[in-house]
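Annotated active site, proton acceptor per Swiss-Prot: 37, in sequence order, evidence recorded as similarity to another entry. According to Swiss-Prot, the feature active site, proton donor maps to 144, an assignment based on similarity to another entry. Residues annotated as substrate binding site in Swiss-Prot: 32, 35, 66, 67, 68, 69, 70, 91, 110. Per Swiss-Prot, disulfide bond is recorded for 51-109, 65-120, 83-135, 90-97. Swiss-Prot lists 1-25 with the feature signal peptide.
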């Protein structure tokens, strides 16, 4: 009887771990936004190789070169505050995008035309622009970088 009970408990444990385990290492949309777009510490002003230095460690050159990416050089709190600013329509037609009320320091990274994986080579461009981000959740947090203007 004890062996049967142990087998049943073990089977239940395996079943539960099968459900839970896939979600343990999964990155949330907010975490992905932070990884791909936030650089509160840095600025590309001093380095034309900024994008090349940032894209690989941030996981945007795994399997292919991400063609375009924007880094925001502001505090996370300032970027999160955009989620309560001017609501605009996203490029995909959804209504969960918000435009910053002031221009922010950003760096655009664009894949150079002759660049091919695995040697991803990016052009670095600094700007002061308004950004448009998609926000979700309660509290509302950034989950997608939609545009800059």
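Each Cβ is built from the backbone N, Cα and C atoms, and glycine gets one as well.
Overlay of Swiss-Prot annotations on the structure.
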| residue | record | DSSP class |
| --- | --- | --- |
| 32 | substrate binding site | helix |
| 37 | active site, proton acceptor | helix |
| 51 | disulfide bond | helix |
| 65 | disulfide bond | coil |
| 70 | substrate binding site | strand |
| 90 | disulfide bond | coil |
| 120 | disulfide bond | coil |
| 144 | active site, proton donor | strand |
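Residue 120 (disulfide bond) sits 23 Å from the residue listed as 'active site, proton donor', taking the CA atoms of both as reference points. Across the residues annotated as binding substrate (32, 35, 66, 67, 68, 69, 70, 91, 110), the widest Cα-Cα separation comes to 22 Å. Here the Cβ of residue 32 (substrate binding site) has 14 other Cβ atoms within 10 Å, regardless of which shown protein chain they belong to.
According to DSSP, residue 83 (disulfide bond) sits within a helical segment.
Of all the recorded positions given, namely 65, 66, 90, 97, 135, 144, none has its Cα within 10 Å of the Cα of residue 51 (disulfide bond). Cβ-based neighbour count (10 Å, all protein chains) for residue 90 (disulfide bond) stands at 16.
In sequence order, 29, 33, 90, 133, 134 are the residues near the residue listed as 'active site, proton donor', counting only same-chain partners six or more apart with C-beta under 8 A. Rounded to a whole value, the Cα-Cα separation of residue 66 (substrate binding site) and residue 135 (disulfide bond) is 22 Å. Cβ neighbour density within 10 Å is lowest for 68 among the recorded positions 51, 65, 68, 120. Residue environment of residue 110 (substrate binding site) contains 15 other Cβ atoms, counted within 10 Å of its Cβ in all protein chains. Put simply, residue 83 (disulfide bond) is 16 Å from residue 32 (substrate binding site) when counted between their Cα atoms. With respect to residue 110 (substrate binding site), the closest of these recorded positions in Cα terms is 65, chosen from 37, 65, 83, 97, 135.
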